[in-house]
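Participant: Can you read through this structure? Questions will come right after.
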Amino acid sequence: MEQYTKAEILIEALPYICKFHDQKFLIKYGGHAMVNEQARNWIAKDLVLLKYVGINPIVVHGGGPEINRAMEKMGKTPEFIHGLRVTDEETLEIVKMVLIGKINGDIVSKLERYGGKAVGLSGKSGQLIKAKKKIQYLMKDSQKIEIDLGMVGEVEHVDTKLIDILVEKRYIPVISPIGVDHQGNDLNLNADIAAGDIAGAMNAEKLIMVTDVDGIMDDINDQSTLHRRLTISQIEDMIEKGFITGGMIPKIEACINALDKGVQSVHIVNGKTPHAVLLEIFTEEGVGTMIVKE
């Protein structure tokens with residue numbers, strides 16, 4: 001690459017670096033985006049660079065594929081209802097083992113390998129996430145039926161004090177989505193929804209969903225149908241028309257929730273795209289879908 005071209009790329013990023021200096025970005029790092037070593041390296045480098053140019057990334061991670069593999073090794077079949085994992089006591093122990101015991105530490109190690117300072121947390125750390133058991137409903141024969149998801153929670157309250165301290169001390173917090181109820185019971189939280197709640201509580205400027213798709217598309221197999229910018233009302237219309245289904249629905253609920261709580265924009269990007277986070281933030285066109293309130 002010619003030297004002047006490199007300079008042009010850096011200069012294109014300058015107004016965004018100025019605009020977002022000292023802002024908080026919540027990065028939801030999906031399990032499906034952790035597909036290979038190269039993709040994990042790209043994400044880690046992007047987050048460390050953000051920190052060094054004065055932006056404060058806060059990571060909430062998932063781990064669905066690894067949890068599924070661990071469950072299958074132990075003879076359990078993963079079960080989902082509307083994109084939420086049905087979680088009995090044994091499944092919860094597997095979830096905690098994979099999220100807190102493995103994935104969280106792996107992400108912290110990657111960030112530190114590339115020059116960042118990172119601290120692994122869960123929602124249990126410093127009473128970070130207070131949760132309650134989630135009640136899920138399904139419609140059957142025009143009747144609303146309550147479904148028991150087991151030890152699945154929803155966020156009641158996020159105490160940001162610990163995250164604030166770490167951010168001020170130049171650390172990148174890395175959070176596993178396990179919450180605690182008022183009786184001290186652990187609850188499995190959907191990582192997308194937890195990320196939206198934490199982003200709102202932190203007054204984050206952006207919520208960036210790093211997943212395994214390029215963004216929101218009319219046809220998942222046709223890159224030309226990718227939407228670069230959508231509003232909440234447009235998103236709701238797409239759900240009604242069946243363009244958004246399954247595991248994407250909790251992601252969209254998290255996006256809308258974050259925007260309702262004051263986050264300025266939400267971005268969905270593909271972690272398999274080299275340096276997708278940097279390209280989405282620091283270029284005019286971006287590489288994914290940006291969602292705004294209106």
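Including glycine, each Cβ sits where the backbone N, Cα and C put it.
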Participant: From Arg40, Arg85, grab the residue that Swiss-Prot records in the same substrate site as Gly63, Gly64, Asn188.
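Facilitator: Candidate in the recorded substrate site: Arg85.
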Participant: Counting Cβ neighbours within 10 Å across all chains shown, tell me which of the binding-site residues Gly63, Gly64 comes out on top.
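Facilitator: Selected residue: Gly63.
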Participant: Measuring Cα to Cα, tell me the gap between Lys28 (site 'Transition state stabilizer') and Lys251 (site 'Transition state stabilizer') in whole angstrom.
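Facilitator: Their Cα atoms are separated by 10 Å.
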Participant: Going by a 10 angstroms cut-off between Cβ atoms, which of the recorded sites Lys28, Lys251 has the sparsest surroundings?
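Facilitator: Least crowded of the recorded sites Lys28, Lys251, by Cβ count within 10 Å, is Lys251.
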Participant: Could you tell me which of these binding-site residues, Arg85, Asn188, has the fewest other Cβ atoms within 10 Å of its Cβ?
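Facilitator: Checked Arg85, Asn188; of these binding-site residues, fewest Cβ neighbours within 10 Å: Arg85.
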